[in-house]
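What follows is a single structure, written as structure tokens, with notes after it.
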């Protein structure tokens with residue numbers, strides 16, 4: 001469409017086509033170095049993974065894998081353990097994403113306010129981001145320990161002294177969710193802070209003159225202008241959280257009693273403990289498709305609102 | 001338009017070429033290693049051979065003992081040099097899976113019988129039968145050989161074994177009016193009564209770290225006739241009866257009826273429980289026998305302790321033999337030399353030194369006698385070595401999906417049971433249903 005719109009007049013056609021051809025050749029030469037890594041490191045593994053999902057591949061020695069069509073998926077339908085982990089994964093990713101947004105918004109508003117030591121507190125808010133997930137997980141394991149600081153605080157307020165937060169069936173999932181929120185907050189905060197700074201001061205001033213209080217200004221000015229950013233960061237957060245692995249793997253390995261068995265953990269166990277590569281690939285594919293559907297629905301509804 | 005298509009095609013072609021290049025380097029081209037004819041000691045090779053030995057030893061003493069053996073071997077065999085690659089027990093199963101799949105596994109592999117058998121079933125381990133010396137064969141009892149035999153092939157040489165032992169704070173037992181038991185075995189009911197009697201004023205009779213309970217139940221369950229599995233290989237079934245449920249039920253009874261078991265220890269690891277044991281929170285604790293080395297080293301000054309005789313269930317004092325093992329990678333460039341090193345490693349002196357450092361029970365009788373002689377039976381060695389006579393191969397080890405069942409079904413089910421969130425019926429249902437689910 002755009003091609004025809006900018007097509008030059010007929011008289012100079014021959015000359016420009018040669019130019020266009022050289023340009024095109026140059027473009028291709030420039031694009032190939034960027035495309036090759038994508039093909040090799042992203043597209044190929046993706047296709048490989050999709051193909052694997054339709055085979056009975058295992059990690060046995062010198063075993064040829066066979067094409068089994070939809071057998072893996074048929075088996076997956078009746079796999080109650082997988083669907084249970086799917087449910088846990090949804091609880092985990094939805095609560096972490098929502099809490100991240102709420103807490104990140106609060107922190108962003110605070111950091112956006114003209115307070116003293118602004119530069120220092122902004123750097124401080126980034127600290128969780130600077131730590132590798134495994135270090136974060138080990139640190140929180142120490143906090144949640146029976147003899148750890150959390151129990152000391154709880155018992156100082158008269159609570160029980162020896163809750164084993166990560167081993168207790170009722171507290172394990174909430175406990176890892178808190179860590180998930182903590183570790184993911186910097187991204188959300190920084191993105192929202194950047195968004196808040198884009199909101200023109202004039203709007204706030206005008207509203208203030210019209211007698212709008214802080215709450216109204218936040219709700220009527222900040223939130224609507226932030227909508228595309230909120231939509232982007234929540235959908236990214238959701239994908240990251242749904243696929244999260246390292247944090248929970250180090251903290252609980254899916255325990256106790258499978259209470260924190262996120263779908264990615266379950267898939268990992270299926271692939272590298274049970275060595276059912278094909279079946280695990282099918283699980284991965286289901287997860288990808290699920291996230292895609294959910295995301296397209298969410299983004300579609302968000303941007304439809306924007307158009308209105 | 002045509003040009004554009006052809007250019008696009010060219011692009012796709014380049015991509016496809018890159019992809020094929022990728023796949024062709026992905027497959028391993030290691031030649032099939034043949035087991036070779038029976039040899040007791042391998043002749044030195046024509047060319048110098050370098051072997052890698054992935055060792056999991058984590059106690060400083062055991063690391064030193066392993067290094068000493070390797071150093072001696074390297075001095076005696078200039079043509080076959082062994083290099084230790086240290087690894088940790090945590091996550092080593094996953095590591096081996098990827099190492100084997102990627103064709104990067106070491107020549108000599110240190111692991112444990114129950115976990116290494118799946119690799120043998122997948123065809124990754126060499127048959128050691130022709131390489132094992134006659135002395136070694138007769139000096140290790142058949143129950144232990146059974147635990148490392150897959151399809152009539154010995155796929156690993158057993159080196160160190162552990163049993164579950166009761167460690168007692170003798171001062172606390174005495175002050176509760178209990179005489180420290182002696183003899184060959186300790187009956188479970190007597191043990192339970194002792195724990196109840198030792199529970200006084202804020203102190204518990206027993207602390208038992210059952211964070212990862214499956215191995216304990218599989219092993220001590222044998223004494224009650226609890227074998228959990230019927231059959232071998234892919235047709236094995238999980239069977240839960242009175243024998244299997246006896247031990248979990250007894251532990252819950254100690255927790256809820258007798259109140260002699262410190263409840264929070266049930267969610268801790270054995271090592272965590274030791275801290276409370278030193279602090280006098282409980283008079284006894286059930287631990288892997290190897291903890292004797294840690295207690296001897298770490299216990300506070302003046303701490304009086306003893307290892308009690310092996311626990312005896314309703315049927316016997318049997319526990320499962322799940323030895324640490326040395327196996328040889330079937331794709332190793334020199335299976336024969338690797339096997340020769342394993343044989344060397346498993347000599348009585350070497351095993352005695354290693355097991356003394358780890359406080360484990362050597363697989364061979366000669367090494368056991370050597371330790372009894374060297375230690376004079378101190379630090380619980382008499383009881384620990386005696387428990388070695390009760391070790392047997394357990395059915396669960398011959399079940400390929402055991403590890404998966406253990407991780408995804410049994411451990412959660414036992415944890416749920418011990419947390420009081422399910423009863424014995426719920427436990428047996430979870431264990432059997434989980435097995436069906438895995439084997440669909």
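Keep in mind that glycine also has a Cβ here, set from the backbone N, Cα and C atoms.
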Notebook entry, point to check: According to TrEMBL, which stretch among A:229-251, A:252-274 corresponds to the feature transmembrane segment?
Noted result: A:229-251
Next item on the list: For the transmembrane segment (A:90-111), find every same-chain residue at least 6 residues outside the stretch whose CB is under 8 Å from a CB in it, and list them.
Entry: 118, 121-122, 125, 173, 176-177, 180-181, 184-185, 188-193, 195-196, 218, 222, 230, 233-234, 237-238, 241-242, 244, 248, 260, 262
Check: Can you name the far-off residues of the same chain, 6+ from the ends of the transmembrane segment (A:277-300), with a Cβ under 8 Å from a Cβ of it?
Finding: 49-50, 52-59, 65, 68, 72-73, 75-76, 82, 231, 234-235, 238-239, 242-243, 263-264, 266-268, 270-271
